[in-house]
Structure formats: C-alpha cells, structure tokens
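Encoded as structure tokens, the structure appears first; notes follow it.
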Amino acid sequence: MKTVFSYAKPYTFYIVIALILMLLELAVELMQPLVIAGIIDDGIVAGDRDVIIQLGILLMVLSLVAFASGVANSYFAAHVSQSFSFDLRRSVYGRIQSFSLAMFNKFPASGLITRLTSDVTLVQQILFMSLRIMLRAPLLVIGSMIMAFVVNPKLAIYLVVVFPILLAFLYIMVKKGVTYFSFVQQRLDRVNRMVQENLQAVRLIKAYLRGKYEANRFSEVAGSLKTDTVKAFRIMEIILPILLFGMNLSLLAVLWFGAFEIRSGDAQIGELVAIVNYAMRMTGAFSMFSFIIMAFARSKASSERIEEILLAEDVREKDTKGEEKLLRRGDIVFDNVSFTYPGTTIPVLKNLSFHIKPNEKLAIMGATGSGKSSLLQLIPRFYDVSGGRVLIHGRDVREWSLSALRKTIGIVPQQSLLFTGTISDNLSWGKEQAQQEELSDAAVKAQIHDTVERFPKGYYTRVGQKGVNLSGGQKQRLSIARALVRKPSILILDDSTSALDVKTEAALWQELEQEKATMLVVTQKIRTAMRADHILLLEEGEISAYGTHEELLEDSELYRKIALSQQEEEVDEYV
Ligand SMILES: Nc1ncnc2c1ncn2[C@@H]1O[C@H](COP(=O)(O)OP(=O)(O)OP(=O)(O)O)[C@@H](O)[C@H]1O
C-alpha cells in the first residue's frame, strides 16, 4: 500500500488540515457528555438555573463547531482523495502505455481495465474515509475510554474489559476480508474480459447465432462474481453484530454496577449518564468499524493489484541520444535467434540466422503458426529473444535506445486498426506534426489517395464508430500509408496486403520497391514473394529455405509445392 499512498504526498497540506478539522470535531464530540453531566449534576440536581442556561448555550456552540468542522473536513477529504485518484490513475495508465508486449501477456487487458477503474476507485474511497471517519472511529473509541476514566474510573473499567477481545476479533476479520476481496476483484477481471471479448466479436456472435450460448457463459462468470462477493460480504456482516453484542454487554455491566455505586454515594447520576453516553459513542464508533474494515480489506486488495502494475519489472528505456542516425542504415542480422513466448515452454522460433542488407526486401513465407509474426515482433522489441541476438547496424537491439529504435521502424500489423478520428488524424498518428503534403504523398504510394479524395470531406472524413466504415482493403492501405508517413528505414508488413485486388497490389508494390527502406514482408502469395530480393521459408519456427525465387524453386520441395498450387489456383480463377 506504501507505493500507492505515496501519491497522496503532494496533498500533505490539505491532509493535515482535514485531520485537524477531524480532531476538532472529535474533541467537541468528546466534550459534550461532560457538559451534559454538568447540566444534570450542577444544574438539575443542584437546582441552579444559571448553570443550566450557561452550559446549555455551551452545548449548542459545541454542536455548531462540530457541524462546521465536519463539513469543512468533508470538503478537504473529497479534494485530496479525488486529486489522489486522478494522479494515480494517470500514472498507472502511463505505466501501461510503456509496457512491452511481454507485460500484456502477464496482465491481460481486462485486468488492466479493472485496475484502472474499480481498483483505483476503491483506493480513493479508503483515502476519503481515512480522512473523514477511519481515524475518527478508533480515536473516538480511545478518547471515550479516557474520558470515561476521567469521569469515574471504577465504572469505566467495565468498558475496558471487552476491548482486547474485540480488537483480536477485528484483526482476524481484516485478514480474511483481504483474501476474499482480492478474489472478488479477480472475478471482476473475468467479467470485464468476457464483456470485452463479446463486444469485439459481436458480428461474429450474430453470424454464428451464438448469442444465447455467450449469454449463458456470461451468466456463469457473472454468477461466480456474485457468489464470491456475497461470501466476502457475509464475513463482513457478522462483524457488526458481534461488536455490538460485546459493547452492549459492557454497557449492561456499567448500568448494573452504576446503580450500586450511586446508591452507596460513590458515583453521581450525571457521571453515570456521561459514562453511558461515552459507551454509546464507542458502540457507534465500533459499528463504523465494520464498514471501515470492509472498505480497508477491499482497498488493500486493490492497492496490491495497482502496485503490481506500478512496480512490475519491465524493459526500461535507456536514455541515449544520437542513435537514430545509425539505426537509419537498416542493416538487420538474426544471429542464431530462438524465441519462446513468456509464460510458455514451447519455442516458436528455433536457431534462426540470416542477414538483411540495407534497403533489401525480404519476403517471409510459411504455414499458419510457423512463427512469421513472432519473428517480426523481435525487431521493434515487442518481445526480447530467448536465445541468440537480433542486431541492427551490428548492435544488439537490446542495446539501442527503445524510442530511437521504434522511431526508425514502420509497422503494418496483420489486423489493420484505425482510431476514431479523421483520416488525417489516423495518418499523422505515425508522425506528429506531419504536413498535409506528407500525408497525401504516403497515401498516393499506398494507393488510397484517390479513394480518400472521393469522400465528401476528403482527408477530414471521420472513420471509426461515428464515421464511415471502411472496407478491409481500404483499412489495410491506410495502415500502410500511416507507416510510410514516418519515412521508416525498416518497414515491416505482416500480411498487410491480403485484402487487395491483384492490380492494386501490383501498383502498391511498385511504389514500395522504390522506398529507401529495408523491408520485411510476410506474405502467403508467391506473386508477392517473387518481387523480394530474398525469400525466407519458415517451417515450425525453423528456416526451411532461404534464397531468391529461382533458388528456392530449385532447392525447396515445399516452395515448389506452394508455387505450383498457387499457379493452379490462378489458372482456375482465369478459367
Ligand atoms: N502472444 C502469444 N503468446 C503465446 N503464444 C503465442 C502468442 N502469439 C503466437 N503464439 C504462438 O506462436 C506460434 C507462432 O505464431 P505466429 O503468430 O508467429 O505465426 P504466424 O506464422 O505469423 O501465423 P499466421 O500466418 O497464422 O499469422 C503459434 O503456435 C502461436 O500459437
């Protein structure tokens, strides 16, 4: 909890004010029974009207002071807790943005969403409660106890007896609560994951008529969230009755023995009333405890989950400058590279060695699951190799500054992803402050300029949820344009032209061939692979063949088979 609550440090001044106001409210509250005892003993019993009026006015002033400091305390507590959660959420979000992909394997998106929303809110609530009631409740118990001793030590003893038993009971409950509530948050992660998955696949679910099946799966997941939440709350619910039972027992003892004391003249009625009043306040404070403990248990579990993100060991950015220029040469070497995804045991790439010279174009082919995308991800360091080295300009990618490395690389992923906003926003996403000319240049090369121009608002057409829905091929071409805007020295295309027709694809390749960039192109099509300087054929994570189209036709049985089958397909299409 230490790391999370260090985010409250900048607000120390307001926290101190809130605490002072809380203590003032508490002090006033503790004085009230004394004043009431005075009214009874020195006013009513002694028959002194002036004392009753004076102490009555004092009681009213005290109530007003308690009210005012309570309101002011709430104001500062809200200010501190809201600012704290804003800072914390921003920081967690920033941390997630800097995560390597290996970290996303460890923390799925749904869990990150729960941490950013529900977990931060729970921690914020506990900070608010700490400033408002959490400290007040124990202080009220201790203060009431001390004041009861001041009033009449003999009677106060009966309040003390149950105290250690109740504390031990509370301690056990907090421990149990933390475990149970961390389960609840995990269940919430699962619900979020399910919702996210379903909303993303809504078209597929409709097409396959799986709505009912998915609804049942959701009920199951939501049901286990309900069951675990009920379990956790049930534990918490027994706290209050047990605390009240203990306190009421001691209250009965005070009344019972108090009656004897008064009869024997060792205590006055006012004193007994004051002690009963303190006992009632202690009972009230204890009942607040059950509420506080529940919140504490929940927020402890939540703050631990947030700290997992803030303190996670990850690839850290090295602060080195002037590296971009060297990286721009785009010379890539895979030196005996092996790779296993974090958290798994089976290697997906095994002992790969090859060299791509500056501005060379390499086509990567292979069956689905053979490791093509995995290979590409090692260059921008989305993942780090498990064995061997990936070198750019002769230096291990792990030794380059990460931002310099990524600035020189343009990536077009397998699934084109556009953001809500205009086409222009999406293109300049690749390079902030890009001029319109640069955007349209890239669009021309990517064969999408004419299409964009045909939209009524051209480059200012909105895409995404509230804009036009682009076709798969249009999205692919916009993604390519976005990568080209960066003028990358290394261009990575992961099967990014699959949705293009033959003519458009040929025109696109003609443009790409002129680009001054080292290119790695994953493709399924021989037609595309032939245009590359070299072709790398992967088979179950290993290099099955490497060479030019002609060399591979000669040397690789597998390549010949693929070429033949695609020739037949083309003939079939033609016929
Ligand atoms: N994030 C991941 N975590 C664990 N294993 C993964 C992950 N991504 C891919 N894999 C596994 O790695 C292997 C290679 O996958 P990869 O995506 O690199 O293949 P690919 O050749 O690009 O396939 P495709 O042509 O279908 O895109 C597969 O067995 C896949 O199950």
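In case you wondered, yes, glycine gets a Cβ from its N, Cα and C as well.
Not measured: the values here are computed from a predicted model.
What TrEMBL records for 16-298 is domain 'ABC transmembrane type-1'.
The annotation domain 'ABC transporter' is assigned in TrEMBL to 332-565. The average pLDDT computed for the domain 'ABC transporter' (332-565) is 87.
What TrEMBL lists as transmembrane segment is 12-40 (among others).
According to TrEMBL, the feature transmembrane segment maps to 52-76 (among others). Using a Cβ-Cβ cut-off under 8 Å and counting only residues 6 or more beyond its ends in the same chain, the transmembrane segment (52-76) has close neighbours at 14-15, 17-18, 21-22, 24-25, 28-29, 31-32, 35-36, 38-39, 42-44, 131-132.
For 133-150 (among others), the entry in TrEMBL reads transmembrane segment.
What TrEMBL records for 156-174 (among others) is transmembrane segment.
The transmembrane segment feature in TrEMBL is assigned to 238-258 (among others).
Residues or ranges marked as transmembrane segment by TrEMBL: 278-297 (among others). Long-range Cβ contacts of the transmembrane segment (278-297) within its own chain (Cβ-Cβ under 8 Å, at least 6 residues beyond either end) map to 29-30, 33, 122, 125-126, 129, 133-134, 136-138, 140-141, 144-145, 147-148, 151, 159, 166, 170, 173-174, 176-178, 180-181, 232-233, 236-237, 239-240, 243-244, 247-248, 250-251, 254.
When Cβ-Cβ distances below 8 Å are used as the criterion, the transmembrane segment (156-174) is approached by residues 144-145, 148-149, 235-236, 239, 242-243, 246-247, 249-250, 253-254, 257, 275, 278-279, 282, 286, 289, 293, 296-297 of the same chain, each at least six residues removed from its ends.
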